[in-house]
Ligand code: EPU
């Protein structure tokens, strides 16, 4: 097992390119099951979640090629193979196999999903949607069994605005009989991306990106070619990193509208930001002002950037409050930042940052994907060497991170862990 080592304090300069969106990729790949002929998705990130989903499609009989970010999925040999255990536990988004397989085969058996622990992450709204469409859903020894004689369109009001439930219901409804209306739907760009793929496959979807989505079921879907949207969370991570340790960094392959809330907050802190058509420039920032952040559903400030932002906020002059309204336990990175000399207190869903602190290199552990991103940023800001373990989380969502950061002048590398270090990490 490897750890990441970072020599902090090297000024970052130049250009860094954002990859395709992880949270789109993990839905687009299962969506290819719904077609009766091959689909090609271009621009996929080279991350472990994508490789896991490729293997899952192969497990159900699909034939999948993946090279240079382009995935070709031939669904012709796919069957409704139960997937109660194994790879489905590796990522949260394996729940999209439920919607896609239910939509195609009218049945699915999928183990309850894994993924980052950020507090309780129920999927009751997904289930409510499947049941409204006519499926029977039972939980048998940690796997959900979904069965329907026929799927029929329905009006579904989501009690919680959920990205996963919105997409999963779309996947199950596109081949159902009649009209489905999803009310109080989530509006994230990834939902529009999935709806675009499905529409190009022959689905009839209106309103994706608003809070009411209307779907007219069709009998069959065909393969198509689709280019994924850029990853707004990776873009945001790079913008924050540039503000934290940069002296002029341009982030390429960004849709600036997707990161508007972050741009607003960075400007409020005093970070120089210039917006181009498909790129964002972050200038050297000094004397950062204190700001408060509250995570909200899109287009509000994304919870996925809350953790990286906390690292940057250790530089502010004053006190700042971060409140996560989406997840109750997304603060595991804070204990690690404290090891690096940050002065932060947590109280329930809020963290109070007292700045400025000069971060010091330390041995820290990534407990989840974005905690990993927060610690990499902290390592780049810190004096001395930082060692980050828990890389399996970072590898789930950031492709070619070392190459990309090295291109900006960061001193960052991977090292094999010794047996003793492995034991320490496992016992921690
Ligand atoms: N929720 C329910 N019931 C449900 C579904 C959700 O109560 O049936 C709650 C959740 O517990 C949470 C809130 O609703 O408090 C929002 O959850 P949502 O369903 O929107 O989250 P998700 O679909 O499971 C996706 C991203 C997350 C991101 C959230 C919020 C994927 C694969 N994951 O999760 O991304 O934090 O939306 O934007 O798309 C990440 O990339 O690091 C990550 C965790």
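Note that Cβ sites are derived from N, Cα and C of the backbone, with glycine treated the same way.
No curator has checked TrEMBL annotations; they are predicted automatically.
Among the candidates 291, 316, 326, the one that TrEMBL lists alongside 92, 121, 122, 123, 124, 125, 304 as binding UDP-N-acetyl-alpha-D-glucosamine is 326. Contacts of residue 123 (UDP-N-acetyl-alpha-D-glucosamine binding site) defined by a Cβ separation under 8 A and a same-chain sequence distance of 6+ are given as 95, 112, 113, 164, 165, in order along the sequence. In this structure the alpha carbons, written CA, of residue 22 (phosphoenolpyruvate binding site) and residue 304 (UDP-N-acetyl-alpha-D-glucosamine binding site) are 12 Å apart.
Taken residue by residue with DSSP, residue 304 (UDP-N-acetyl-alpha-D-glucosamine binding site) is part of a helix. In the shown protein chains, 22 other C-beta atoms lie within 10 A of the C-beta of residue 92 (UDP-N-acetyl-alpha-D-glucosamine binding site).
Under the three-state DSSP scheme, residue 22 (phosphoenolpyruvate binding site) falls in the helix class. Mean predicted confidence for the domain 'Enolpyruvate transferase' (7-405): the pLDDT average there is 96. The two recorded residues residue 304 (UDP-N-acetyl-alpha-D-glucosamine binding site) and residue 23 (phosphoenolpyruvate binding site) have their Cα atoms spaced 11 Å from each other.
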